[in-house]
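K.L.:
Supplied in structure tokens, the structure appears directly below.
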Amino acid sequence: MPDSLHDLKSKVDNFKEKLENVAHLSWLGLSKDLSSGMSQPFWHKKSSPRKMETHHKRVYERFMKFTKVHVSDEVRRELRKQSFDNWQWDDPEMLILLRQMYIDLNLISKLNIDINVLHEWLYEVYRNYNLVPFHNFKHCFMVAQMMYGLTWLIDLPSKLDTLEIFTLLTSAICHDLDHPGYNNAYQINAKTELALRYNDISPLENHHCAVAFDILKKEKCNITRDFSREQFKRFRDGMIRCILATDMAKHNEILNSFKSIIPHFDFNDKEHKSVLMMVLMKVSDISNEARPLSVAMPWLDCLLTEFFNQSDLEKLEGLPVAPFMDREKVSKSSSQIGFIKFVLLPLFETVGKLFPQLESAIIEPVRDALAYYTEMQRALEEEKAKKDSLAESLEGDKNGLLPGKLNSGSGTEDKEPTGKTQSLGHALALTRNNSSNLRRGSVTLLTSKHSVELETSPS
Ligand SMILES: Nc1nc2c(ncn2[C@@H]2O[C@@H]3COP(=O)(O)O[C@H]3[C@H]2O)c(=O)[nH]1
Ligand SMILES: [Zn+2]
């Protein structure tokens, strides 16, 4: 290698090393801003298998480096909160945080888990999540983090045994392994290999669970290595139940069986505990809207991106398309209003009967989210009505029905200076940035707390 090139390479290596060292600073505070590196969503990274391998290797190296770093008490406290912001942390850091959950729940010491085996297992789990918009490693992390937060909030260590706590956290981490980004309906309608293998019965969830046990079969990743036969059986039964419970086709069945035991719930009853574990999995899996808006909104974008990718493919392949996934029929607000009203709140409120602590921690935030999306929907409809009436007026004008009214340069749109806010009630105001935005159908919603750019659906 010529000297000048060698010199340049060593400078680049040096700079890379410095950058990685700066990354350590994030352990000192909680406000690391990675937004500059996020100009493109992570699933847009087009990667060849070789590039992926290199990327994984780098994640592994950074993760291993971080295992030597102490996680501050402040971060450990934050990790227990429902408001935890995953967007501030990158993948190696999230691996460290998952590791910390096992440590802080005393699972390592009580179940005699080799910490190096835990590292290998976590990395292998990470590698088995795909770069899809929603069902990726970050989602696995968030579900595990919610489960971890709930564990402390409702004091599970005093109600469940160590193996059950281990089963819950491990199920949360493994529950979407190798998700392809297309749901069960697609698998079944497209007659994919997974649907054939599992005879159309929860093909994805069966697959996630099978991959989880495949990973544990590797000796260097086997965190259950020291379990007795009885412990492993109990863990395996629990994992299978918890992961299969995340199939939304089972939603009503599980919720109803939980409702029926609430009046006489007994923490000494194995079956009661098992149903509770399934319900906690479900709560954690669909809990994004219990998070602050700044955390939840990007997740909704990810979810809708995955939905729309699927429905686009279904249209191309001539397969049935679910209306809630169809970009022609769904908006953020319509999607969330239905989901929160008919799925989230009935589930969360039922669990809240057994654990009143959930009221302020996750039920109230979900009610706030419902109010927010309801206002968003109202604003969209109002905007659409205005657009429709403007279009009608213009049409009438073209036909000579409204002489001079709109082309006099004093139409409603032109009268209002750019950025003027029109009141839409106390919680929310609708601002038009400028007339070109209006034409594109884009509005900005300003609430007392948040500001959100909206794309209205084409009319
Ligand atoms: N509309 C909507 N659906 C959600 C939300 N969170 C989870 N879901 C759905 O709930 C499902 C849970 O199981 P999946 O992960 O298969 O797919 C998930 C989504 O279809 C949300 O915030 N909004
Ligand atoms: Zn999930």
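Cβ atoms here come from the backbone N, Cα and C positions, even for glycine.
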K.L.:
Out of Asp85, Asp226, Asp285, Asp388, which does TrEMBL tie to the same AMP site as His135, Asn136, Phe137, Lys138, His139, Asp176, Gln336?
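P.N.:
Answer, per TrEMBL (AMP site with His135, Asn136, Phe137, Lys138, His139, Asp176, Gln336), from Asp85, Asp226, Asp285, Asp388: Asp285.
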K.L.:
Neighbours of the Zn(2+) 1 site His139, His175, Asp176, Asp285: Cβ within 8 Å of the Cβ centroid, same chain, sequence order.
P.N.:
His135, Cys140, Val143, Ala172, His179, His208, Thr246
K.L.:
Among Asn136, Phe137, Lys138, Gln336, which binding-site residues lie by ligand 2, judged by Cβ under 6 Å to any atom?
P.N.:
none
K.L.:
Hey, what's the Cβ neighbour count for Asn136 (AMP binding site) at 10 Å?
P.N.:
20
K.L.:
The record lists His135, Asn136, Phe137, Lys138, His139, Asp176, Asp285, Gln336 as binding AMP. What's the largest Cα to Cα distance among them, in Å, rounded to a whole number?
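P.N.:
It comes out at 23 Å between the most distant Cα atoms.
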K.L.:
DSSP on Lys138 (AMP binding site), three-state: which is it?
P.N.:
helix
K.L.:
If you count other CB atoms within 10 A of each CB, which of Asp176, Asp285 wins among these binding-site residues?
P.N.:
Asp176
